[in-house]
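Peer 1: Next up is a structure, given as structure tokens.
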Amino acid sequence: MAGKLWTFLLLFGFSWVWPASAHRKLLVLLLDGFRSDYISEDALASLPGFREIVNRGVKVDYLTPDFPSLSYPNYYTLMTGRHCEVHQMIGNYMWDPRTNKSFDIGVNRDSLMPLWWNGSEPLWITLMKARRKVYMYYWPGCEVEILGVRPTYCLEYKNVPTDINFANAVSDALDSLKSGRADLAAIYHERIDVEGHHYGPSSPQRKDALKAVDTVLKYMTQWIQERGLQNDLNVILFSDHGMTDIFWMDKVIELSKYISLDDLQQVKDQGPVVSLWPVPEKHSEIYHKLRTVEHMTVYEKEAIPNRFYYKKGKFVSPLTLVADEGWFIAESREALPFWMNSTGKREGWQHGWHGYDNELMDMRGIFLAFGPDFKSNFRAAPIRSVDVYNIMCNVVGITPLPNNGSWSRVVCMLKSQTSSSPSIPPNSCALVLILLLYFV
């Protein structure tokens, strides 16, 4: 019954009264595929940019992503504070059988349809509605009109941003924040994720990508001082998920060996989580055949574990396959997502992946923050991706929409904790009582 009550509150726009902090500017950096141990205490010794940020601000032990530990679901979880089954962005690849439209990791035209994005209101849209100004750089979805609104400025993602692109975005964002053109600036950077996929999370290439980011961050702290923003700007860095090693030589599950692909209406994605829409009369047969396959679990929709906060999503398929860590599900070996390596052909093997059970250690991400509202040299306990939204709302001084995050997990990061916790006004207390009587 508690779940029904929460759904009711979300649907009808119930929100808490939020005594917000002073309205300061915010710079957000989303570093894709950044695993928590990339900035372990030992690693920080050779990362002066990150080390300075950690010494000046807050570092959590790790951030647990939402399930599935994929990019688009967590992009939206981070910016809404809601689980995937609430905001509806449940995968990098989705299909809507009612309209026969597909979302293919944001690259196809149909991915821009409101169908996929209007399930929840992300922070940048809330700020725009409040007449705040938002600048976004390479951020997936900033080019989309969501609930009839777009950000003030969107530098659209076209190709993987280079290290120079990232540095230029940081510099331009700081200029925009200093001049008053922006109240929030948000920057997405992907290279750590790309190198982790291609070469593996422990590879020299991934480590080089991290060092390049570290160099930009070292300059960023200098640029903040040069622009006189140190007393008026909070900076938050986080990742969407981690990365683990995969081995295509001997850890691939080929669906074509167990079922006829002609018995499927649709297949979406490959890797740790695969969505299947069987021809209706073949559903039971396919389910029972796949139940015997080792190193993966097949779930009918209602049997998906509640802890994933996934199965109530409207785009969730009748059958969901979840691989064991390090295993990769594909229709066949020929259909594996090879990448274009130095040969100029798509024949490069992937050596890292994510999307697995979100509680696995290798799926953990990062959260760092510094600025006038955050404590200095503070280590915080682990948080979850749903928690990030509340802390962002607080430091920009805006009331958060109803969400799944825990304020108690993040309030410890702030210098001032006495006036920042959510409270319920008297008239809302009466509403809660009525709802409890109705639902319980």
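Cβ atoms are placed via backbone N, Cα and C, with glycine included.
Just so it is clear, the model here is predicted, and its values are computed rather than measured.
These came from Swiss-Prot, pasted as-is:
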SIGNAL    1-22  signal peptide
BINDING   Asp32, Ser71, Asp240, His241  Zn(2+) 1 binding site
BINDING   Asp32, Ser71, Asn92, Asp193, His241, His354  substrate binding site
MOD_RES   Ser71  phosphoserine
CARBOHYD  Asn100  N-linked glycosylation site
CARBOHYD  Asn118  N-linked glycosylation site
BINDING   Asp193, His197, His354  Zn(2+) 2 binding site
CARBOHYD  Asn341  N-linked glycosylation site
CARBOHYD  Asn404  N-linked glycosylation site
LIPID     Ser419  GPI-anchor amidated serine
Peer 1: I'm trying to understand the geometry here, so how far is the Cα atom of His197 (Zn(2+) 2 binding site) from the Cα atom of His354 (substrate binding site), in Å to the nearest whole number?
Peer 2: 9
Peer 1: Using the CB centroid of Asp193, His197, His354 as the Zn(2+) 2 site centre, which other residues of the same chain sit with their CB within 8 A?
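Peer 2: Neighbours within 8 Å of the Cβ centroid, excluding Asp193, His197, His354: Asp32, Gly33, Ser71, Val194, Gly196, His241, Met243, Gly352, Trp353.
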Peer 1: Cβ within 8 Å of the Zn(2+) 1 site centroid (Asp32, Ser71, Asp240, His241 excluded): which residues?
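Peer 2: Here the non-site neighbours turn out to be Leu30, Gly33, Pro65, Ser69, Leu70, Asn74, Tyr75, Asp193, Ser239, His354, Gly365.
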Peer 1: Ranking the binding-site residues Asp32, Asp193, Asp240 by other Cβ atoms within 10 Å, which is at the bottom?
Peer 2: Asp32
Peer 1: Which of the listed binding-site residues (His197, His241, His354) has the least company, meaning the fewest other Cβ atoms within 10 Å of its Cβ?
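Peer 2: Across His197, His241, His354, these binding-site residues, the one with fewest Cβ atoms within 10 Å is His197.
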Peer 1: So which of the recorded positions is most packed in, judged by how many other Cβ atoms lie within 10 Å of its Cβ, out of Ser71, Asn118?
Peer 2: Ser71
Peer 1: Are there recorded positions among Asn92, Asn100, Asn118, Asn341, His354, Asn404 that sit within 10 Å of Ser71 (Zn(2+) 1 binding site), Cα to Cα? If so, list them; otherwise say none.
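Peer 2: Asn92, His354, listed in sequence order.
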Peer 1: Whole-number answer please: how many Å between the C-alpha atoms of Asp193 (substrate binding site) and Asn118 (N-linked glycosylation site)?
Peer 2: 27
Peer 1: Would you mind pulling the longest C-alpha to C-alpha span across Asp32, Ser71, Asn92, Asp193, His241, His354, which the record has binding substrate, in angstrom?
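Peer 2: Farthest Cα pair among residues binding substrate: 15 Å.
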Peer 1: Nearest to Asp32 (Zn(2+) 1 binding site) in three-dimensional space, by Cα, is which of the recorded positions Asn92, Asn100, His354, Asn404?
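Peer 2: For Asp32 (Zn(2+) 1 binding site), the closest Cα among Asn92, Asn100, His354, Asn404 is found at His354.
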Peer 1: Could you check which of the binding-site residues (Asn92, Asp240, His241, His354) sits closest to Asn100 (N-linked glycosylation site), going Cα to Cα?
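Peer 2: Comparing Cα positions, the candidate nearest Asn100 (N-linked glycosylation site) turns out to be Asn92.
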